[in-house]
């Protein structure tokens, strides 16, 4: 018997993918007028203010005092470090390539969970990881041009992916304690606090930036930063974490499409080949995890944009 298509769930999946995919070309566009640090700060400020309103409406409670240091650290890793490294990386890396590199986050997450928590990885996990990193190596050496050369921006995007992975590995205890939405609010607010060191000059940057670029940053702060977490929470509540996150493999493909329409970026042949290898590796490394219904520290949303 085939499952009937649930319009609300399908729409939520599609909206989540489109919004997260749009973040990568949005960052590229915003970097034409904002520094990587100011872009991260302004985006997080907008997202934080939006979430304050949501928290007041929903009556979200504050975290317990003992949990604040770890939440601050996770917020730094998952948002401050991730977004800043990604922004610096996208100064020289196309939106599509950046999305492919960030798609390796589930592999990093699974490897870290194996190292720190001895979570089962399995044969397919190792094969998938090796395949995924081969794809990353291919993209790193040939994915941004038709010549084989190393782009430092790719290393920075991978640093962002690793930082995000650490965030995912150690968040599970707090997800269970506070819930998906509340914990995300805490960590976004925490990430914003750390980015405040870059506040000098932000006002001047906003004044001198073209209005369309500032509107792009506002879009990044509200739509890819906030809304997907609510749509994904909705999906997860009805299908479970595995099915909710499985559709996120479409994000890089949608990113390439949006970047082509928005920025006229076209992927090279090497990018497409390396991207396909990477995605195959990511899917292979997550097959076992998606078949396992037991909750684990990696059973979270392996994507932040």
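Just so you know, glycine gets a Cβ as well, placed from its N, Cα and C.
Checked against TrEMBL, the range among 198-216, 217-235 recorded as transmembrane segment is 217-235. TrEMBL tags one of the stretches 10-32, 148-170 as transmembrane segment, and that stretch is 148-170. Put simply, of 148-170, 217-235, 247-263, the stretch with the most CB pairs closer than 8 A to the transmembrane segment (123-142) is 148-170. Contact between the transmembrane segment (269-287) and the transmembrane segment (95-116) holds: at least three of their C-beta pairs are under 8 Å, each pair 6 or more apart in sequence.
Within its own chain, the transmembrane segment (39-57) is flanked in space by residues 27, 30-31, 79-80, 83-84, 87, 185, 188-189, 191-192, 195-196, 198-199, 202, 206, 217-218, 220-222, 225-226, which lie at least six positions past its ends and keep a Cβ under 8 Å from the stretch.
Highest Cβ contact count with the transmembrane segment (69-89) among the listed stretches 95-116, 148-170, 177-197, 217-235, 247-263 falls to 148-170 (criterion: pairs under 8 Å). The highest tally of CB pairs under 8 A with the transmembrane segment (217-235), across 95-116, 148-170, 177-197, 247-263, is held by 177-197.
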